[in-house]
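What TrEMBL says about this protein:
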type     : residues : note
TRANSMEM : 38-58    : transmembrane segment
TRANSMEM : 79-98    : transmembrane segment
TRANSMEM : 104-124  : transmembrane segment
TRANSMEM : 131-152  : transmembrane segment
TRANSMEM : 172-190  : transmembrane segment
TRANSMEM : 197-216  : transmembrane segment
TRANSMEM : 236-253  : transmembrane segment
TRANSMEM : 265-288  : transmembrane segment
TRANSMEM : 294-317  : transmembrane segment
């Protein structure tokens, strides 16, 4: 009397036996799936490190222009354009990464830009390594590991019809309406009230980042399916997503450049990471329903990884000061009335540096 067959045993043997035949865990569908996800992780990490390099180059260009006797617009600097070019290449790499891995896995890897910025500040200005840098880096790496380990396992191939269904779903419609209202309120303070606070600037960047993540994921997935023979480029939703992606990216660069113009690199990179990562994860959960069938333990560990990651970024950025932050934008010897130099700041409405406030005109005339 033979042993009755066990359901699923044949498929188990086919998957985990016969490594030489190419059916083991290091080959076949398993290997292809994990190889694709690994490629997305590598692209995301490399792109975020390149972002930190580009932002530091832009800040260096701003500081060099500020030290010149004759102020010039920042877009006349070759160094600034070099930073913008690197930023564009980094965005292309991030676009490719979203085509190979889920949003919840790619977005948190922005911590590489924060760690990279701290590393660059140690190597090039030759600052001393603080204990907070080591602690923050350890927390960030631990949080990243938890995020990668408990990231949602969802299919990466999205058809145009699926994107259309996601776009008109009630959760996303409610989310998009709330996002538009918040963005319009912030834009009112930015334009009408001339409020250039770093939180307002980077919140608008984060709101735009959620749209960028959604559109990038959709475009990359449809292009991948089209390359495999399932044509998706004939659907109007493909070109709508391309327009949304280009528009949101352009305005992100605008507001991010404005923040880099006015604030320190460390503050901009760290706050932008926390805001944009949170916005990207929320948009992935709402639009692509990445945690729809996830276990409660996986969701908890993922959120715990986010907490560790954000805490690590906060520890790295806490109390970091730049040596040139106390340097005036204009040589005090060339300004009448040196007692008023504490009010000299770059004009956020202009592309030049070292403008005096209107309230200083009376003091200038008295001197």
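Each residue, glycine too, has its Cβ placed from N, Cα and C.
For the transmembrane segment (265-288), the partner stretch with the most Cβ pairs below 8 Å, chosen from 38-58, 79-98, 104-124, 131-152, 236-253, is 104-124. The transmembrane segment (294-317) shares the most Cβ pairs under 8 Å with 104-124, out of the stretches 79-98, 104-124, 197-216. Highest Cβ pair count under 8 Å relative to the transmembrane segment (197-216), across stretches 79-98, 131-152, 236-253: 236-253.
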